[in-house]
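Take a look at the structure set out below.
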Amino acid sequence: MQDIVILRLGHRPERDARVTTHVGLTARALGAKGMLLTTDDKSVAESIQRVAAAWGGDFWVRAGVSYRSEIRQWKEKGGFVVHLTMYGINLPGCLEQIQEQFKGRGVMIIVGAEKVPGDIYGLADYNVAVGNQPHSEIAALALFMDKLQEGKSLMHEFKGGELKIIPSEHGKSVVKNR
C-alpha cells in the first residue's frame with residue numbers, strides 16, 4: 001500500500017468549488033489515487049472525473065464522507081495521515097521521516113478549507129507546514145507531494161485518456177486517442 005489519497009475537509013460548495021477542484025486536479029496530476037470530500041458536492045466530483053476521463057488515469061472522487069471514519073479505516077489498513085497546516089512542523093524538519101514511512105505505507109493527506117476541526121491535529125500522524133506562513137492549500141499540496149515522491153510524481157504516465165499532450169519546446173501538440 002503506497003497510495004496517496006487526499007481528504008478535503010470543510011469544502012463550502014458556494015465558495016470553494018474552484019479551489020477544491022484545483023486541489024483534486026493537482027493531486028491527480030502528481031500521482032494521488034483519489035480524493036475524499038467531506039461535503040456532498042457532486043459537481044466538484046463530476047468535474048474532476050471528467051478531466052480524468054479526458055486525460056487518463058484512474059483518479060476517483062467520493063463526496064459526503066465522514067472524516068473520522070475515513071481516517072480510522074485508512075489507519076486500520078496500515079496507512080498513515082499527514083495534515084497540511086501552517087501550524088505544523090515545517091516540512092524540512094520532518095520530510096525524511098515521512099518519506100521513510102511512505103516507502104511501505106500509503107499516505108492520506110488532509111487539506112482543509114474552512115476552520116479545521118481541532119481533533120484533526122490529534123488524528124493526524126504528522127501535522128506539516130510548508131513554510132509556516134499563510135498561503136494556498138494548492139501550493140502546499142503540490143510542494144508536499146513533489147517532495148514526498150522526490151520529484152518522481154512529474155514522470156507519471158496517465159493511461160486510457162481521450163487526449164494526450166505531446167511535449168514540445170515551442171507550441172502546443174495534443175493528440176486524440178479515440
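Count begins at 1; order follows the chain as displayed.
Using N, Cα and C of the backbone, Cβ positions are placed for all residues, glycine too.
Record note: Swiss-Prot gives G112, A113, E114, K115, V116, V130, G131, N132, Q133, P134, H135, S136, E137 as S-adenosyl-L-methionine-binding, and the candidate from L36, L84, L163 in that site is L84. Taking Cβ-Cβ distances under 8 Å and a sequence separation of 6 or more, the neighbours of K115 (S-adenosyl-L-methionine binding site) in its chain are G10. In three-state terms derived from DSSP, N132 (S-adenosyl-L-methionine binding site) belongs to neither a helical nor a strand segment and is classed as coil. Mapped onto three states, the DSSP output places L84 (S-adenosyl-L-methionine binding site) in strand.
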